[in-house]
Amino acid sequence: MDWKTIALKKRQEQTEALRPYLAPEDKLPSEEVRKDNEKFIKFLDQSDLLTDEEKAITNIPDVVSLLAKIKSKDLTCDQVIRAYIKRATLAHQLTNCLTEINFDHALKRAKELDQHIESGRELLPLHGLPISVKDQFDIQGLDTTMGYVAKVGEPKTHNAALVDMLEKLGAIVFVKTNLPLSIMTSESDNYLWGRTNNPYNKDLTAGGSTGGESALLASKGSILGWGTDLTGSVRIPQAMCGGYSLRPTHHRFPYRRVSVTSDGQEHIPSVIGPMSRTFSTLLFMTRTVIEENPWKYDHLCVPMEWNQSAFDIASKSKLRIGVQYFNGIVRPHPPVERLLNEAVKKLEAAGHEIIRFETGLDEKAYNLLESYYYVDGAQELRRELQRLGEPMTDQVSEMVRDAKPRSVLQYWEMNLEKRKIQQTFFDKWNATKDVTSNGEPIDVILNPALATSAVPHNQTHDITYTELYSALNYPCAVFPVGKVDKAIDVKDESYVPVNDRDERVWKKYDPELMHGLPINLQLAARSYNEEKLLGSLLNVLNSLDINPSKEFGA
């Protein structure tokens, strides 16, 4: 069969798996509603497609609260998973966010977990918790296609280490979510599954590469997801959809049996990270995974236990916060600037010390980092596509247009330049001790997650605010702080962009189109300081009067 026939058959199989839960076409939102940033995101809660019970279950945004209801027997595992299966299916009809369907396994698993409760045995830490994962995570019996049609019909014989861990702890991994072809772009689009749309507006991107996961979470079709992050892939989509995510230090979480393009490269390693609707869920899941000793699941994981003391100190101290307002490459859009400035004022009012932070890096540094993406000349990508003669998507084609394989010597030279970038940033961080009140360096850095809100499809032209921390291997988290307001966030028509990239991004600002969309900021700490980062983020959220157990817009 040719690739088109295989892709069509695969999508038909997906539709059949979803069919018992699909809504009739005439019950779905109109084109007008799908383009309304305020109505589209609220559609499922305001429609009659879900029962009151299903709405009540899926509107519990916090994992701890949901697990408590299962433990108290207010809810059964079966009730919970059925509500999420239904809502995930509807979310897919609205955004095209799902890939592999694992509902049969999920229902069977929920029944077993309910029997476990009825037997009087002690509950597991994640007993009955529904979890979704990006398509890259291997699940026994399911394909891991990563958007390649050529990988259809190659079901895995094993689970990813993380999936094994989660299920051992009582979770139910019930679905996989969409991503870009090759996993290397910020548009979750491929010729196998199609393109994922933003849950606020179908004409806008949900981001990437973990865009399917973010669209599902924002639609409340999942309470917790897991994605991967090379240069921003759990952060960019959560910033575009108004959620929380953590990009950890490399080797803090188990990556074993998570499929990836360019597997084997170590220059900017891909990591896995949790994605959630609330901060409290992000914290709970990070601590749970680390306390399960991930180094027992993946030999590459660092045997580093959860440091509660570091978390507690950071969550209660007056922080020294470095703030990067503009990285000198791409100026943030007006709503991003406004919300960052408002956050800084509130943090100062709460007693935190604010230090303006400049990276000391120019556009050449970012160009070097981006030249790593296809250092093999995109040979692996092309090899997979040539198996069936699949075409590249537009974004992938543009990305690899000038890709040329580097020699070993050239690769070494690139790594030396990257090391200089890391050292420059390290020195800049240490130098902040000369300007803080107590002579100690800053604790964390606050900056935009993106220069923009969600943008129209195929128009994500900059990820410099996220990719830098990947190259540094620093843990960072993104979190929502507000929305675009067309009445306040007026475009500065007098602004003269500093370079071509800045000009492309600045031209895309459209306050009418973007009104009501979420805006996220990013907080970063130094390597292997996840506990300090999350403690600092809780501290920041409290200072900003953001409830850590509530989702954006609640």
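Just so you know, glycine gets a Cβ as well, placed from its N, Cα and C.
In TrEMBL, annotation is done automatically, which means it is predicted and not curated.
Pulled from TrEMBL:
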- 80-534: domain 'Amidase' (DOMAIN)
- Lys134: active site, charge relay system (ACT_SITE)
- Ser209: active site, charge relay system (ACT_SITE)
- Ser233: active site, acyl-ester intermediate (ACT_SITE)
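What TrEMBL annotates, mapped onto the structure for a quick look.
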{"residue": "Lys134", "record": "active site, charge relay system", "DSSP (3 states)": "strand"}
{"residue": "Ser209", "record": "active site, charge relay system", "DSSP (3 states)": "coil"}
{"residue": "Ser233", "record": "active site, acyl-ester intermediate", "DSSP (3 states)": "coil"}
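Cα to Cα, Lys134 (active site, charge relay system) and the residue listed as 'active site, acyl-ester intermediate' are separated by 11 Å. Sequence-distant contacts of Ser209 (active site, charge relay system), defined as residues of its own chain at least six apart whose C-beta falls under 8 angstroms from its C-beta, comprise Lys134, Leu179, Pro180, Ile183, Met184, Thr185, Ser186, Ser188, Gly227, Thr228, Leu230, Ser233, Pro237.
Local packing around the Cβ, expressed as the count of other Cβ atoms within 10 angstroms, is greatest for Ser233 among the active-site residues Lys134, Ser233. When pLDDT values are averaged over the domain 'Amidase' (80-534), the model yields 97.
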